[in-house]
Every structure is written in structure tokens, then in C-alpha cells.
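See structure below.
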Amino acid sequence: MRIAICEDEKVVLDFESSLVTQWAAGAGCPLELDTYISAEQFLFESEDKAPYDVLIFDIQMKNMNGMELAKKLRARGCDAVIIFITGVPDYAIEGYEVGAVRYILKPVKAEVLNALLDTVRAERQKKAEDYFVLGQGADVERINFDKIIYIEARGHYVYLKGKGFEREWKASFSETSLAFDGRSFFCLRRGLLVNLSHVTRITRTDCMLDNEEVLPVARGVYKELNEAFISFFKNN
């Protein structure tokens, strides 16, 4: 699990880092831990790193505080779990705006942090099933299947059209498409899978999408597509 801690007191930062490291060792959880001494350092140095699973922020930091940092990250689309460390419990209502799991009051107790990280880990493992993982090693991007409109084979490449974004990478379409089996995706023709949740209308030749694109429907596929389309919306 990738975890980042942002705390402007070095002694506290080291203490919280040791607690997280001890938790991971005891839980048998692979850990990649980064630490930051300010919100500004976090914004500058984390931009090119793989996304974090958990962010542990001190609220009362100099200059930009932890709450302001969290709001900036949420505005950028960050979906990491955020845990606030605070000396005063006065930020609860504001914290709901950034989807904080909860607050931990200083001084942080190992048993409190351990229980929370156990819960977060279990939730992330369940949610992992809802994401398409693109890339390998440190260069990994997780894309929620719901945000994928369609994927298409383009020569030796796979093109992914998402809600407000697109990706293209070199890969086998047949192997890539295995990750979409059993989900709300339908094969319009060879090398083209569409997410039924983004389909607004279908005809015998065309499939209209909620981003106003129109995809071709292969001959002989309409009946099966129509049945899948109706079934999907009845069940959802």
C-alpha cells in the first residue's frame, strides 16, 4: 500500500512514520511510505509519483494547512483515503467536503492508527476490483471501470476513451479485454468494447454515447446488443 505522511514537525513526522512502518510489518502489508515536511513540498514532489492509497495529513501546518492541501488534491481528482491528524477536533464538518475517513487526535496512539489502517486496507482491497490497472511497477494508473466509455484496438495499440480523458498504449487487445469480462461492457465489433452505462441510444448500425460520440455496430449484433442494453438498465 502506498502511504504518504505530511507533517511539519520533524519529531512528530518520524514518530508517525515509525507507527505506519510497524503496522505494515505486523499486518504483512507491502508498504511504500513517503514523508513530507510541508504541504508545498508534497505538491511539488508528489506530482510525478504513482498515486497514493492513503494520505495522512497534519491539519495545523504553517502556510498551507492539511485541509487546504486535501481540497487541492480532491480538485485534481485524487481519490486517496485521507486521514487528518489534529490537536483540536474543530474541523469535522469541513472534513466531510474532502471525504476524510476520520480524524486522529494528537498524540497519535498506535492502537488507534492500526485499527484505522486495517479498516482502510480492507476497503481498498474491495475497491481494487472496481479499477482497471494500466501500467507496471511505479508507473501505474488505476482507472475506475465506470469512467471508461469504450476501449478499441488500433493496430498494435489499445485506445481507451474515458470520461474527460483518453489513453493509448502498446498491448494486445485480446489480453487487455480479459479485464473487462463479466462487467458492463459489450462487444460492438471485433476490437471494440463499449460500456453500456455510457450508451444513450442504439440503432441497427449505430451506438450513441453520452459524450456525443457514435460508434459503429457490426452486422448481426443488434439483437444481442439491444437485449444487453435493456437488461443493463433494468438491473441498474
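Glycine too: its Cβ is placed from the backbone N, Cα and C atoms.
According to TrEMBL, the protein has these features:
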DOMAIN    2-121  domain 'Response regulatory'
DOMAIN    132-231  domain 'HTH LytTR-type'
MOD_RES   Asp58  4-aspartylphosphate
For the domain 'Response regulatory' (2-121), jot down how many residues DSSP puts in helix, in strand and in coil.
52 helix, 27 strand, 41 coil
Whole-number mean of pLDDT values that fall within the domain 'HTH LytTR-type' (132-231):
93
